[in-house]
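**Q** Just passing along the structure, written as structure tokens.
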């Protein structure tokens, strides 16, 4: 008996599964905000050199603020005050003659900077003067965070495969909240960067583990629905976050605001362990306990002999990331999904991180980016059923090439990226077998976060050529579309349990798509009826 057959007997999408889905939904809600935090706390507002050193004798006393800037700060080509330079001494003649002679000596800022606080009360840049020569450090914090996410994905993928989904999910929630709160009270940029790394390292566990738990507890026909609902938790977070950031303009309190709600994730204690994982690790009694609990909550009193599900001896075997590359088809699977995840993440976050380049309000643009994901992700439910995982994944990646020319086109590109991200998460969880599913998702998440880490650096390439980042991101999307098309289709198939299932060793009708199984059953019945008819006529 396949695990999916057992789920059908005890209701594969009853009250038990809905409880698991809701707990994981709210547990992930605030965590998604951390992924976009850098868009608001790493902003560099308008600034210019502090001119206090030129006013030592209070010679500016009778001048307006505009006049003080005129005699103290050189003007850039666009008519705004220079950000990183000042005159070595006041140029009072500029009050009557706006032209600045080229021989006037300018120096770098001597006593810090003055910032425009009309939009942001405080950011990382204003806190530690991350401007001019240190300008890259502000955006570097985003890369540091996602490097932490990348490392955490690999670590929690392995740990959850060894110790179970449930305990590692709880550890991820609690540590993520702790490091997030501590980072808000950093006394130096180095301290903030280190804590931001560990925040990313810990919260990523909740992302990859909750997804697997949701998929492993539902029946085949409900996996696409669960995948859509699971991804919508990110969408609602992306829509809510700019509203929170609009009212909280101080970077410290904004970090607290998105970290503290994670305390609600303590309800993770009521999340059941994956019965699939328990069976794969030989813990049959515990698996029976959760399956019985599921049957009771779903009001299914009669349960088929659960021992029938234990068809192989897998409890003594320990799996690791090496099992992703030991056999030919697993190697191919790891390579193709890795390339796809890297491209999807790089392009999706390349769009999200570039919200300031479209000339619109930062908060409004981020809200629209979140809102456009709702119809995009709801469309996944239809697309996965109509065209399957492979076509949907490849098609949404091809659509990336429309983006970033204008704001409207960029928003459409964001919608396509949401469709692709929602599909690849569900798709990959269906491709990998239970014994290494968490390792596979950990590996894919690692590769994806590598892509997210380089996304801010790709955007910096616009300093060389204004369309450079567009070319890079579009090329990645196009290449990954062809790669995704090489992956096998999983629509209507049972989740593979072992590596042998993926390699095709000992494959039976259980590994066929549901529609193929039904055709086999219909053909078998037809042949049986024909044989009986022949016997009766003889």
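Cβ atoms are placed via backbone N, Cα and C, with glycine included.
As listed in TrEMBL for this protein:
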TRANSMEM  21-44  transmembrane segment
DOMAIN    89-491  domain 'Major facilitator superfamily (MFS) profile'
TRANSMEM  144-163  transmembrane segment
TRANSMEM  175-195  transmembrane segment
TRANSMEM  201-218  transmembrane segment
TRANSMEM  225-247  transmembrane segment
TRANSMEM  253-271  transmembrane segment
TRANSMEM  333-351  transmembrane segment
TRANSMEM  363-384  transmembrane segment
TRANSMEM  405-427  transmembrane segment
TRANSMEM  467-487  transmembrane segment
**Q** How about the transmembrane segment (201-218) and the transmembrane segment (467-487): do they have 3 or more C-beta pairs under 8 A, pairs 6 or more apart in sequence?
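**A** Judged by the Cβ rule, the two regions do not touch, with the required three close pairs absent.
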**Q** Is the transmembrane segment (333-351) in contact with the transmembrane segment (467-487), using at least 3 Cβ pairs under 8 Å (sequence separation of 6 or more) as the test?
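**A** Since 3 or more Cβ pairs under 8 Å link them, the transmembrane segment (467-487) and the transmembrane segment (333-351) do come into contact.
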**Q** Using Cβ atoms and a strict cutoff of less than 8 Å, what residues sit near the transmembrane segment (333-351) while being 6 or more residues removed from its termini?
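**A** Cβ under 8 Å, 6 or more out: 35, 324-325, 369, 393, 397, 400, 403-404, 410, 413-414, 417-418, 420-421, 424, 428, 431-432, 440, 443-445, 447-452, 454-455, 458-459, 469, 473, 476-477, 479-480, 483-484, 486-487, 502.
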